[in-house]
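The transmembrane segment annotation in TrEMBL covers 12-31, 77-98, 110-127, 139-161, 167-186, 206-231, 237-260, 280-300, 355-379, 391-413, 425-449, 461-479 (among others).
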Amino acid sequence: MSNIRVTYSGLISLVLGIVSVLLGLIFMLIVTRTLNPLEYGTWGLISGIVLYASIIEPMISYWAIRETARNVDSGKTAVSSSLLISLGGIAIYLVSAYLVSGKTDANQDVILMGTILIPLIFLNRVLTSISFGWKPQSASFGQLCFALIEIPVVLLLVYFLQLGTVGVIFTVAIAYSASIIFYLIYSREKLRNNIKKEFLKKWFKLSWIALYPAIGLTALFLDVTIFSIITGSVIGIAFWTASLVITNIITNSGLISRAVYPKLLQGNGHEFLSDNLRHLFYFSILFTFLSITFAKPALFALNPTYVVAVPIVIILSIQIFLYTISGNLQTFITGIEKVDENINSTFKDYLKSKLFHIPTITIIQSILYLASLTIVLFVMNSTTDSQLDLVIYWAIVSLSIQVPISIITFILIKKHFTVKFDLKSIFKYLFGGLISLIITNFLLELFLVYNVELIEFLPNVIIYLFIGISIYFGITYLIDNKTRKLFESIFRAVLNKNY
């Protein structure tokens, strides 16, 4: 287990993650071009309810990562118990769907059909956790499998058979099933053990420490429910979901740090952390500027109706950049906590641990965010009839709450690690991103023709995307010595496969 190579695993995860994102964008293009705003908004609502139903899922997957990374054979017990607790997830979904769907213009029967996703998600996540703790990059292979299956199935069910939101539900269910099969085969070595009651006793006894982080993360996504209840519509959710499709590419920059958590769990030091943080900023800044630069073309590609959501994409790009950086930093901090290695640790010990303190930050963020959003929507809903304006206010609230949380996280990382934030390099990356944005945006405004035919529009966008990325890579390579070393390391890895 000590052979986890952080940069190697991170680069593989990043490349596979980008490919998965591109395939996911093709999936979303098919969905958004085929579904009307009401159907797409309904899918966004289903996705939100699924998040609530998944709140109990970390009871198993939380410990599966930590124990697999420490070479504890609990895989088969984790898989079996995840299927059991998925029954609770189904119950949560049904109750949530009943409460929410009746207050919107969405089809209640379609929302209830989303129940089939719950056991598949539970099983997929625990298998992902086992693979992640063992070989971090393997989780990205599973995601790639998911993305590859999605496209032909959605073409059949949604584009050709015109099954609407129901077709999307079945597409995702089939893709999850394919991903599960991949993980079962790939991780079979970690599943060749017995089901042991002692693992179940430990997990259920400590379920509160596993569920505590999930409360905060799940609560963050109650925003969709709050918006739909206050406005009585899912049209605004369609704008929000379309914007997230574009900005969520930024979160994939965090894949460069995917191997850090299991590496820290092994307890072999953290001298690699400074380099990884620099790489995290490098790719996060690139993806953030790309998200902002290509906001209009990307929204147009999804559906010309969503082009007006450009301001939302810009605001959310900044928010998700901060969220990605701070989220990874918080994970690093929990990776050095050893309280769960001591079988004699008490309830009080866990309360004093980083496993409790770090998730508290997210819960505070959730409370502030949801309270602020509720107040803003109540006030503004009575003064404007524009769903777009309300979603812009929604994005502003999200960014406003994220900023202080990110500052607190930076302070904590400096407290727990002797790491150096390479501000000089970070400013160079920002400079490269800004130049890329200015030049690429100028070319887009001057030459890009917004043709509704995707077969003609997308190839042109890809050319400008390549130009924007090349400018960023070129500038940072020229002005930053550490970037040159990173590229040289990548070239050596490709040529020698000994990195």
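Cβ coordinates are placed from backbone N, Cα and C, and glycine is handled just like the others.
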Top stretch by Cβ pairs under 8 Å to the transmembrane segment (139-161) (candidates 167-186, 206-231, 280-300, 391-413) is 167-186
With the cut-off at Cβ under 8 Å and a gap of six or more residues from its ends, the chain residues touching the transmembrane segment (206-231) are 44-45, 47-49, 51-52, 54-60, 62-63, 100, 103-104, 237, 240, 340, 350, 355-356, 358-367, 369-370, 373-374, 377-378, 381, 387, 390-391, 394, 398
Across 167-186, 280-300, 355-379, 391-413, the most C-beta pairs under 8 Å with the transmembrane segment (425-449) come from 280-300
Could you check whether the transmembrane segment (461-479) packs against the transmembrane segment (280-300) - three or more CB pairs closer than 8 Å, residues at least 6 apart in sequence?
yes
Among 110-127, 237-260, 355-379, 391-413, the stretch with the most Cβ pairs under 8 Å to the transmembrane segment (280-300) is 237-260
Best-packed against the transmembrane segment (391-413), counting Cβ pairs under 8 Å over 12-31, 167-186, 237-260, 355-379, is stretch 355-379
Contact set of the transmembrane segment (355-379) with the rest of its chain, CB cutoff 8 A exclusive, min separation 6+ beyond the ends, reads 209, 212-213, 215-217, 219-220, 222-223, 226-227, 230-231, 330, 333-334, 337, 339-340, 390, 393-394, 397-398, 400-402, 405, 408-409, 412
Near the transmembrane segment (110-127) in space but 6 or more residues beyond its ends, with Cβ under 8 Å, are 42, 45-46, 49-50, 53-54, 57, 60-61, 64, 78-79, 82-83, 85-86, 89-90, 93-94, 97, 100-101, 142, 164-166, 169, 172-173, 176-177, 179-180, 183-184, 187
Same-chain residues at least 6 beyond the ends of the transmembrane segment (12-31) with CB under 8 Å of its CB atoms are 40, 43, 136-137, 139-141, 143-144, 146-148, 150-151, 154-155, 158-159, 168, 171, 245, 248-249, 252-253, 255-256, 258-259, 283, 298, 301-302, 454
